[in-house]
């Protein structure tokens, strides 16, 4: 089987939506029966985004096999059925780390190690490995054409086009076509200069995706085609839309998938986008709306919680309601009090790290518990719910996590000190261990209690969810907390770790150590988020009586 590659680049400005465009195209090709995957190549020096600030980089998306990756991989999984792995994302830092390790081992036999060919060869090897077994691979190059950081990646894909053959490679370039209000027209010059920059590297784009706040007129697309040496039918207008799930249909309506299949000589049926049409219909025709408060510490950049926000929207689709998300800084809860949590139909506390704002989250969990407001805690959101219950119900005054207060009297949350690496070897770690790549990561099995709410929601006794944490519930202090009324609703497959807790005498209070948002999709939703949004809707109705 021959694998075909579509290399996706961006020009003029960043944040054009390369990831969404690539994922949307992949969704169309998948709907034609093709086996599709997507890769993201990030030009930063970090080995992975695991230790990067969420405020700078956005969320870290965790794959089933435990890779900490770029948030674009979340978009990929929400648009296509293929599950991402550590092969689908790598960085300049990872490439240099691998090459330098080989140099130290003597693998290069004394050769002078250079960007070309050693770095570019390493990039090509990883792209080829990630594409094995697929009909079409979309490869998104992070950054903007013209950046110094992305040059090795651009050189590598230029070489791949020559080595694999142009009949099996395509270059798709996203570019900005701005509208100038003073002139009353869109301007194509930035696109022309961006393509000129690509040409100077040796890459002639085959497809141009023209991003604009409005549809790019046919005469302007013809002008772009002429000056950029691209067929007119391969100049695609991609205007701003009110729902990203409309983009597959928008691209298909302009024949992009037909052009690609013809270019790759692929014989496959027409794309059936009925599932996406259903998503769009549900989104556009809600029967009501709810307001959910998300209390976190990175709220100045909503992308820090991208998958959670999307999962809440998916929960809304499954309940035919619009979910309005109110982002609340947990430090504001500390300074202004729980009064700012009024008028919410439900409360969610997502994952996070560090002590800043934790007391505000604990106060939020208490407010939700005492006022019978639906509550969903994720990762740290479970830990603060446990701490709150231990303090205020189980009588463990000043209970805390050793992450925040190492010598606290009641360390109800503590560091997991024994781990297993990718090869199954036992590792012992402490608070002094490296932060990068030292968490419980990836898909883990969880056994659900028969009498639990989550057992009803999932409809099965055993589930698999993705994790990203290094602190866990301290089993040594669990008995008095359970005796006070907290229910352990889920445990790890080996029965060692607490994965889900519930408050039984509460309408809907669920907190989980894993990250259910990573497996939620617009077409399928997720049991926890669907149940949570339903509980919010029911709470709203009770309050209205």
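Glycine is treated like the rest: Cβ placed from N, Cα and C.
Among the candidates 223, 233, the one that Swiss-Prot lists alongside 14, 187, 188, 189, 190, 191, 192 as binding UTP is 223. L-glutamine is bound by 352, 380, 381, 382, 383, 403 in Swiss-Prot, and the record lists one more residue there from 470, 487, 491, which is 470. Binding of ATP is attributed by Swiss-Prot to 15, 16, 17, 18, 19, 20, 239, 240, 241, and within the candidate set 65, 70, 72, 303 the record adds 72 to that site. Between the alpha carbons (Cα) of residue 403 (L-glutamine binding site) and residue 515 (active site) lies a span of roughly 19 Å. Distance between Cα atoms for residue 515 (active site) and residue 382 (L-glutamine binding site): 11 Å, as a whole number.
It is 515 that, of the recorded positions 187, 189, 223, 515, has its Cβ surrounded by the most other Cβ atoms within 10 Å.
Closest in space to residue 188 (UTP binding site), of the binding-site residues given as 17, 72, 223, 352, 383, is 223, taking the CA atom of each residue.
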